[in-house]
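In what follows, a single structure is set out as structure tokens and then discussed.
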Amino acid sequence: MATAAACISFASPSPARVVIRRQTRASASASATDRQEVVSPKRRLPLRKVPGDYGPPVVGAIRDRYEYFYGPGGRDGFFAARVRAHRSTVVRLNMPPGPFVARDPRVVALLDAASFPVLFDTSLVDKTDLFTGTFMPSTDLTGGYRVLSYLDPSEPNHAPLKTLLFYLLSHRRQQVIPKFREVYGDLFGLMENDLARVGKADFGVHNDAAAFGFLCQGLLGRDPAKSALGRDGPKLITKWVLFQLSPLLSLGLPTLVEDTLLHSLRLPPALVKKDYDRLADFFRDAAKAVVDEGERLGIAREEAVHNILFALCFNSFGGMKILFPTLVKWLGRAGARVHGRLATEVRGAVRDNGGEVTMKALAEMPLVKSAVYEALRIEPPVAMQYGRAKRDMVVESHDYGYEVREGEMLFGYQPMATKDPRVFARPEEYVPDRFLGEDGARLLRHVVWSNGPETAAPTLHDKQCAGKDFVVLVARLLLVELFLRYDSFDVEVGTSTLGSSVTVTSLKKATF
């Protein structure tokens, strides 16, 4: 089976080539080993010039933008066409938004599992202000601060801010499972009411409310519905996120209108200032204990507030808004046989643990965990990663080495890396038991939704998601709650601006 990391060689005046093994500064030997073993550093692949071109200034970028948003096959088709045209999974192209939002849209695109992981190595790539790609939204949308997602690990504030997020996710850890079950139990009750009343239930609408309520109650101990924020939180967050990501989104408007308003101009932050201020006021009060911890770490209180808001609203709520419908979509399509296997596993593990959902019970549900990993593989919630080369180097695909120069922007389209047919059999299929057993465990290092391999743990010195394990946990809890209650379910699937639109059309209650 093909391997999945980039082997990097530094260009040097000396005829000798120094090969750098990929390794984090994490103290855990398992994480370091996982990152090194993804590819053998002894390979010497033939060098090839990175194919592709950027076209004329401005015109080439606009051409690529139109093809990306409006061409045949959508964005998957945009990248697949480049791979076919150049017979290469490393190519030069322009990434949206381009003119007149991004100063320089030119990237070297990494479109396979072998080249993609170079983006995780912060000794080789700089991550400064690259969270959203070739442009950065105005800091007016984040209280005037560059929040953690935009910081490179070399910056002095990165470590204390990431430490604060680890604290945020862990300081009420005993409340996570019971609060999730309470909030999402209510969600399924509301969905049953909708099914009885109108014959269908919009999972996304109910999930938005439940996700925000759970995050605030589980991690902060505050119910936003009982604050001045009321039930407006999800609506305010969605609008705020739109203003940050609009240059990268398609809303289904007429092409010329959409491309002019969303992709060529920035939406004015002033239009969402009142909404953002309402969110910030809530978190100043609700997150006082976490802000106090931030102050102890040397973080100014206001900076802590805006980082907590971003972490919970953009990263965590945004992640659950995309991932949970994705998970329900793929499982809904998997059918009753898969549902039966999951229900049997979930109910057996809970029964064997005194009827309680505990971490021990969850550990006895390997199929549930595999089903979550498979959703994260086939449709990762964040599809794109960026990094700027810190020095001249050679990035390797499966077959060739490509010289990249210092300062060039590297871009990875994750769905092509995690559906690489040289790594995954039946890559376009959702296979819920893909990660079971020893062979499945070996594949986990190629699951990289968290901006790092699933087999590695996030540290203060990398950009791997601080909430990596939390996200997998709550996704597993969703399946546990679902299959404790129901034997099977049916869905209708559509598209939405962020992720999938999922309507549940039936819920078959548990019979065993």
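Cβ atoms here come from the backbone N, Cα and C positions, even for glycine.
What Swiss-Prot says about this protein:
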BINDING   Lys127, His158, Lys162, Lys463, Cys465  heme b binding site
BINDING   Asn315  (13S)-hydroperoxy-(9Z,11E,15Z)-octadecatrienoate binding site
REGION    23-43  region 'Disordered'
TRANSIT   1-25  transit peptide
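Overlay of Swiss-Prot annotations on the structure.
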residue: Lys127; record: heme b binding site; Cβ contacts under 8 Å, 6 or more apart: Leu151, Asp152, Pro153, Tyr386, Gly387, Arg388, Lys463
residue: His158; record: heme b binding site; Cβ contacts under 8 Å, 6 or more apart: Leu148, Leu151, Asp152, Leu460
residue: Lys162; record: heme b binding site; Cβ contacts under 8 Å, 6 or more apart: Leu148, Pro458, Leu460, Ala466
residue: Asn315; record: (13S)-hydroperoxy-(9Z,11E,15Z)-octadecatrienoate binding site; Cβ contacts under 8 Å, 6 or more apart: Ser149, Cys465, Gly467
Could you find out if DSSP has His158 (heme b binding site) as helix, strand or coil?
helix
Within 8 Å of the Cβ centroid of the heme b site residues Lys127, His158, Lys162, Lys463, Cys465, which other residues of the same chain have their Cβ?
Leu148, Ser149, Leu151, Asp152, Pro153, Asn451, Pro458, Asp462, Gln464, Ala466
Inside 10 Å of the Cβ of Cys465 (heme b binding site), count up the other Cβ atoms and send me the figure.
21
Compute all pairwise C-alpha distances among Lys127, His158, Lys162, Lys463, Cys465, the residues listed as binding heme b, and give the largest one in whole angstrom.
15
For Lys463 (heme b binding site), just count the other CB atoms lying within 10 A of its CB, please.
27
